[in-house]
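Colleague: What follows is a single structure, and I will ask about it in a moment.
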Amino acid sequence: MGRSPQGCVGLSDDLPPQQLAYPDWASYTLGVFICLSCSGIHRNIPQVSKVKSVRLDAWDDAQVEFMTSRGNHVARAAFESKVPPFYYRPSASDCQLLREQWIRAKYERQEFTHPERQEPYSAGYREGFLWKRGRDNGQFLSRKFVLTEREGALKYFNRSDAKEPKAIMKIEHLNATFQPAKIGHPHGLQVTYLKDNSTRNIFVYHEDGKEMVDWFNALRAARFHYLQVAFPGASDADLVPKLSRNYLQEGYMEKTGPKQTEGFRKRWFTMDDRRLMYFKDPLDAFARGEVFIGSRESGYTVLDGLPPSTQGHHWPHGITIVTPERRFLLACETESEQRAWMEAFRKVVDRPMLPQEYAVEAHFKHKP
């Protein structure tokens with residue numbers, strides 16, 4: 001067996017930090033070390049990247065020398081020299097689609113060395129057809145979508161020749177997050193926006209993975225440019241975390257009503273920043289209810305368990321959310337789910353509220 005290229009490693013977005021010390025795989029044509037998960041993606045672009053095991057495969061001297069001369073730092077400088085600040089850089093925990101399209105954009109299409117190839121998501125205008133889930137029947141139907149930064153909106157039309165859009169989603173309040181498991185498609189994207197100050201969901205996908213990720217980054221670009229105008233003194237580093245967000249926690253819990261004498265009902269819960277929303281079904285367009293969760297300083301706390309007198313819950317692991325107005329009683333099926341929800345709630349409660357969040361809180365207090 002020939003020499004091994006261990007020792008040439010440097011940081012790469014294709015390699016999670018915990019695997020940097022002892023990488024198992026490498027692309028010997030690109031000169032980068034990669035993790036097991038990303039090695040499978042690299043194998044799908046053999047015209048660009050050829051993969052070997054660092055430990056199990058034979059390496060000739062020329063390959064080892066190439067790895068030594070390149071390494072991940074050099075490759076990053078070469079292939080990531082012009083990544084737009086709004087472009088989503090996936091982590092090891094992100095879905096397969098985001099990781100695959102990042103690798104293809106970087107190495108196969110070389111979008112980050114040729115900025116003219118970034119036009120699909122950086123032009124400020126985009127239109128096309130996406131499969132959208134119907135609110136009432138659950139069927140996915142082809143719908144025309146138009147994103148226009150000039151109007152600060154994403155719109156969709158029920159017919160391609162329709163003059164008026166079915167919905168107008170303001171960029172100011174829009175979020176997008178990939179939800180392949182929930183939607184049942186590997187390219188499934190959940191878009192949320194505010195309608196009459198309540199959260200509205202739409203679920204879309206496109207058969208072409210690049211097309212779907214281009215839409216996602218076009219939405220992030222529109223958000224980025226909106227925020228640059230809204231907060232002219234803010235740096236890119238301040239704005240990028242606000243472009244899109246994944247949910248802090250999602251899953252089924254049981255809940256009871258405000259009198260706490262009604263029976264507990266199973267509902268799908270989503271923790272989106274400070275909004276705790278619950279739905280009858282994970283793919284519902286509208287939440288059945290929303291709860292604002294503020295900070296500890298404002299009188300919000302999260303307690304392990306339920307009051308001793310509580311009855312009617314089928315699941316044994318309780319959580320009590322205390323707000324200035326009332327208590328919300330929830331129950332989880334397993335202890336691990338309860339721990340995950342408790343951690344998510346405590347992160348929110350322990351975080352001081354921003355000035356604009358007080359206005360959101362006031363709106364919740366005055367809801368009928």
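Cβ from N, Cα, C; glycine included.
From TrEMBL, for reference:
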- 1-120: domain 'Arf-GAP' (DOMAIN)
- 123-224: domain 'PH' (DOMAIN)
- 246-350: domain 'PH' (DOMAIN)
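Help me understand the surroundings of these features in the structure.
Modeller: In the domain 'Arf-GAP' (1-120), the DSSP tally of helix, strand and coil residues is 48 helix, 9 strand, 63 coil.
Residue counts for the domain 'PH' (123-224) under DSSP, split into helix (H, G, I), strand (E, B) and coil, are 23 helix, 46 strand, 33 coil.
When pLDDT is averaged over the domain 'PH' (246-350), the result is 94.
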